[in-house]
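Here's the structure, in structure tokens; my notes come after.
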Amino acid sequence: MAIMAPSDKQLTGLVAATFTPLTEEGEINISEIGPYVAYLTERQGVKNIFVNGTTGESLSLSVAERKILAEEWCKKAKGKMDHVTVHVGCMSLKDTQDLARHAAEIKADSIAVIAPSFFKPKNAQELRAYLKAVASVAPNLPFYYYHIPSFTGVNVLVRDLLDGIEDHISSFRGVKFSSTDLMDFGLCASLMKPNWSLIYGVDEQLLSALVLGANGAAGSTYNYVGCQFNKMLAAFEKGELIQARTIQFQLQELLDFAMKLGFDLGVNKQLMIDVSGLSLGPPRLPVMRCPPDVAASVKQKYHSVFRQ
Ligand SMILES: CC(=O)N[C@H](C=O)[C@@H](O)[C@H](O)[C@H](O)CO
Ligand SMILES: CC(=O)C(=O)O
């Protein structure tokens, strides 16, 4: 068996999927990463991050930018956070392997990989072969499959992917599951091994996934509702379902309101800027900057729902 990194502990709890700080001119702005880490740990009580993911607009960044960002996140999180997952998925296997090797060099705690979505794997076998080719270049780094079919269009059932995956990928440690298919999720939960983590990624229905056995939650909203969702996890642990539901319903109310105004990554990033005071800049095209009237309404709704 491969010798794993010392940080190979089970991933649990809340994981903030970080936004990528950009300058007003649209260049990556690594000077904001230190304050961002401080904000999450000190103000939100969130000690795990998922960087260069969907929320981080990784597929709109160059490989060179992603390396600089991943390195800075790892550097600034060291000693302050429990776990840094670097998402390394790209359209080409070569770029994905390059980023996986880099994540190992910079001592990320784990990597996650989406399915390529232009030329798509057609079934579990093809997806497994691709993931194996990525994992093989960083065999000591805990590996997560990142399932997000609404973006990739790759609808392979994760329960089929998991079938015997440990025989192909010894570093396999679990799934970041961003789909509303709770039947597939439940079947995955029943297939979990003791050192694997099943991390749910649809924040507005996390409570349902906890009931089915989620070990943790990774998402964009934990950047600004981390405090509240730590309380929801604690309430769930104690069996206080009414309290847990109240918090879940608050996020549903906020997102329902925001979705009617066109909630997208531009709106989401602006809400994080308004709540945290961090300078994260605009999103990158094709994602558009949030219009000021939408930003003001969503911010007001956030404060009225969470009363702070
Ligand atoms: C598509 C997308 O960004 N998904 C995120 C995680 O995977 C979620 O955290 C959502 O942003 C969140 O659930 C709000 O819809
Ligand atoms: C993990 C997640 O929520 C993201 O990639 O944005």
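Cβ coordinates are placed from backbone N, Cα and C, and glycine is handled just like the others.
Where the annotation comes from TrEMBL, it is an automatic prediction and has not been curated.
Spatially close to Thr55 (pyruvate binding site) yet at least six residues away along the chain are Ala17, Thr18, Phe19, Gly219, Ser220, Asn223, Leu265, Asn268, judged by Cβ distances under 8 angstroms. Residues or ranges marked as pyruvate binding site in TrEMBL: Thr55.
Tyr146 (active site, proton donor/acceptor) falls within a strand when secondary structure is assigned with DSSP. Using a 10 Å Cβ-Cβ cutoff, Tyr146 (active site, proton donor/acceptor) registers 25 neighbours. What TrEMBL records for Tyr146 is active site, proton donor/acceptor.
The Cβ neighbour count for Lys176 (active site, schiff-base intermediate with substrate), using a 10 Å radius over every protein chain in view, is 29. Under the heading active site, schiff-base intermediate with substrate, TrEMBL lists Lys176.
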Residue pair Tyr146 (active site, proton donor/acceptor), Lys176 (active site, schiff-base intermediate with substrate) - Cα distance, angstrom, rounded: 5
